[in-house]
Amino acid sequence: MGGCGAWWLLTPSTRRPCRPQLPARPAGCRGHIFQQPQGMLLPWSPPCKVLCRSCAVMGKLQSKLKHSTYKYSRPDGIVEERIQTKACQEYSPAHVDTVSVVAALSSDLCVSGGKDKTAVAYDWKTGNVVRRFRGHEREITKIACVHRSSQFFSASRDRMVMMWDLHGPSQPRQQFSGHAMVVTGLAVSPDSSQLCTGSRDNTLLLWDVGTGQCAETASISRNLVTHLCWVPQEPYILQTSEDKTIRLWDSRGLQVAHIFPTKQHIQTYCEVSEDGHKCISCSNGFGGEGCEATLWDLRQTRNRICEYKGHFQTVTSCVFLPRALALMPTIATSSHDCKVKIWNQDTGACLFTLSLDGSGPLTSLAVGDTVSLLCASFSRGIHLLRVDYSQGLALREVAAF
C-alpha cells in the first residue's frame with residue numbers, strides 16, 4: 001500500500017508494485033469489488049492524493065496556513081486546543097539555514113544567528129534585513145545584546161566570541177578568544193563593561209570589554225555550560241549546566257555564590273526577571289518526562305516557587321513576559337515539540353498553547369516589545385508572534401522570516 005493510502009497492484013507477470021489508473025466506479029454499482037485489468041480483485045476507493053512533485057509543492061504552500069482548530073487529550077488528562085489562525089505574512093528570510101538563537105536589540109530590531117555562520121540584524125516590523133555580520137567560521141550558538149545600545153555579542157562553535165556594532169564597520173569591534181570548545185554561554189554586565197562566557201570545556205571566563213582581555217577564569221569538572229544570564233543591577237551571573245545544576249556566580253572573583261537544588265534533567269536555559277527577584281530555568285526531556293520550566297526565588301530563601309509542566313520534548317527557552325502582555329504575571333516557553341506555551345507565573349496553569357506546525361524544533365524565544373514575541377525554529381526561520389485579547393488571551397503567529 002502506498003504512503004498516501006492508494007492501492008498498489010501486483011501484476012501476475014512481474015509481481016512488482018505499480019501505481020494503477022483507477023477507473024471510475026461503474027454507474028449503479030453497489031458493490032465494493034471490481035475487476036482490475038490484468039490484476040487482482042481490489043476494493044474500490046475514491047481517488048487519493050498522489051505523492052508527486054506537484055503535491056510536494058502544494059504541501060509547501062499549504063504549510064504557510066495553520067491547521068484547523070481541534071482539541072486533544074494528553075496522557076495526563078489535560079485538554080489542549082490548537083487554534084486556527086489566518087495565513088501569516090512571509091517576510092524576506094533572515095537566514096538560509098537553521099536559526100539557533102534570536103535576541104531583541106530594540107523595540108523593532110532583533111539579532112539572530114544560526115548554522116549559516118551569519119549574525120543578522122532584522123527589522124521585524126517592516127520585514128527587512130538591516131545588516132548582515134560575517135566573521136565566524138562555524139555555527140553561531142548565542143547572541144547577547146547590550147542594553148539600550150546598538151552593540152551585541154555573538155558566540156560560535158568556532159570557540160570565538162565577537163563584538164559588533166550595528167552602525168560600525170563590517171569587522172568585529174572586539175574578539176574574545178580563550179575557550180577550548182564551543183562557546184555555549186554569553187552574558188553582558190548591566191553597565192556593559194564586562195562579558196562572561198561559558199563553554200563545554202567546563203570553564204567560565206570573565207572579560208574586560210574595553211580591552212578584550214580575560215580578567216578571571218573559573219573551572220568546575222563536568223560543568224558543561226548551557227546558558228548564562230546576568231542578574232540586573234547585581235554582580236551575579238546565573239548559569240545552567242548539563243550536570244543538571246543551576247549556579248549563581250559572583251563576578252567579583254568569579255566564585256560560586258549559591259547552588260540551587262539539583263534537578264533530574266539537564267538544564268538548558270535560564271532567565272532572570274527585570275527586578276532581579278526571580279529566575280526561571282528549563283530542562284531537556286522526552287515524552288513529557290522532564291520537559292518542564294521551574295521558577296526560583298533569587299532573594300534570601302532561593303527556593304523553588306513553581307513548576308510548569310506540559311511540553312512533550314526538551315524545553316529550549318523560557319522568558320518573563322511584560323505585564324502589558326497579560327493581566328497577571330506570565331512566562332512563556334518554547335520547545336522541541338513545536339509549541340509555545342504561556343503560563344500563569346503564580347499558579348503554573350497553562351493559559352494558552354500555540355503549535356507552530358511545520359516549524360521543526362523551536363530553538364530560541366525572545367520578547368520583541370510589549371505585545372510581541374520572536375521565536376526561532378529549526379525549519380522555518382523566525383516566527384513573529386503576537387498576543388491577542390479579542391477572544392481572551394491568545395497567541396497568534398503573524399509573520400515568519
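FYI, residue positions are counted from 1 along the chain as it appears here.
From the backbone N, Cα and C atoms, a Cβ is placed for every residue, glycine too.
What TrEMBL lists as repeat 'WD' is 133-166 (among others). The average pLDDT for the repeat 'WD' (133-166) in the predicted structure is 97.
Residue counts for the repeat 'WD' (176-217) by DSSP state, with H, G and I taken as helix and E and B as strand, are 0 helix, 24 strand, 18 coil. Taken from TrEMBL, the feature repeat 'WD' applies to 176-217 (among others).
According to TrEMBL, the feature repeat 'WD' maps to 225-250 (among others). If one looks beyond the repeat 'WD' (225-250) by at least 6 residues along the same chain, the residues whose Cβ comes under 8 Å of a Cβ in the stretch are 142, 184-190, 196-200, 202, 204, 218, 256-260, 262-272, 274-276, 279, 281, 283, 296, 298, 302.
TrEMBL lists 308-353 (among others) with the feature repeat 'WD'. In the repeat 'WD' (308-353), helix, strand and coil residues by DSSP number 3 helix, 25 strand, 18 coil.
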- Message: Using a Cβ cut-off under 8 Å, which residues of the same chain at least 6 positions beyond either end of the repeat 'WD' (133-166) come close to it?
- Response: 100-105, 109, 111-115, 117-121, 172-177, 179-188, 190, 192, 195, 197, 199, 207, 209, 227
- Query: What are the helix, strand and coil residue counts for the repeat 'WD' (225-250) according to DSSP?
  - Reply: 0 helix, 17 strand, 9 coil
